[in-house]
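This report refers to the structure that appears directly beneath it.
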Ligand code: CMC
């Protein structure tokens, strides 16, 4: 037993995992040994899910069967849609609505209480992963005063989500762009939301509980919420016609943090940010609309000149993802739920992997409260 205190568990090893590795010094991310660059450019989100859940990349036949099984689970019970409707009517935030609906999904899964069987966990995980896009798209449609669009099992995970969101089949570029974003967000070591899911799983609670907890953890501005914050900053700059560099100067003068910069593990630019920046450049080139690219580039160049990037506070995945989602017409407050839609795959993989050789996660706190306090009964206080 050690009494060394590691605030925020920084640098602490708590488990072994075959799933993903983040090298923060050189800016490298791998899923089961495969570089994220290769996966983002060459593999679909379904292939990545298969890799994470089943240990290897699928053959074409394995992928077809896996994708069909996943697509077959997209429908959600009418009761869930009615709840989503009620949450939208009440003005609930999308991440909170997703958290509530994901928790509710377990009521319609006969296997939901099976937590000690890894294969059952993956089957439940498949249902959760398939249904989250349906829930999210229904929430967005209802909020816009439209009716939910039923899932199309013939479309890919990415294509079907965009279809359910808009009611129109996406073009190839949009589908491929969104699929790439899903792949980039699928897993990332023991980040806060994954660790949350694992802590819950380590009690041998079911995977619905783990994913619901993961959504809660991801919602915060220090984690998944940063992509929305970045886009809100870009909109604020645009609406005020302010120079983006001036916005950053003002923010830093006020002691504020720049959303989309800094990371607990990366000390250089996040490799996912590099890939998304390149994608944003391609999209801007083909549309001719370079506004978000111009703003983000100006901010990054300024902060690089200021030495911030050299100090290890470099662009992370959230700095560029919002601008890419904006090009797909996705509303700003759906960005973090989309992150959850992808990361659910990673949460499920980690819960299943950890439960295979489970040990309850139970750290300690250094007690700093008073000692030997004399108890005074209520009526004498
Ligand atoms: N802007 C300005 N300064 C920063 C920033 C930033 N975005 N991030 C860190 N710093 C500074 C911080 O002020 C501190 O300086 P000092 O030592 O002088 O007090 C130093 O860097 C170390 O910061 P820290 O808070 O100890 O580092 P951390 O490892 O706890 O923080 C972080 C990681 C992600 C919480 C933080 O960088 C941050 O708040 N970034 C903005 C929010 C954000 O973009 N989050 C998304 C993270 S990546 C995707 C994801 O995980 O979901």
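Cβ atoms are placed via backbone N, Cα and C, with glycine included.
Taken from TrEMBL as is:
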- 263: active site (ACT_SITE)
- 318: active site (ACT_SITE)
Helix, strand or coil at residue 263 (active site) [DSSP, three-state]: coil
Intrachain C-beta neighbours of residue 263 (active site), sequence separation six or more, cut-off 8 angstroms: 24, 270, 314, 316
Proximal but sequence-remote residues of the same chain as residue 318 (active site) (Cβ under 8 Å, at least 6 apart): 224, 226, 227, 229, 230, 259, 260
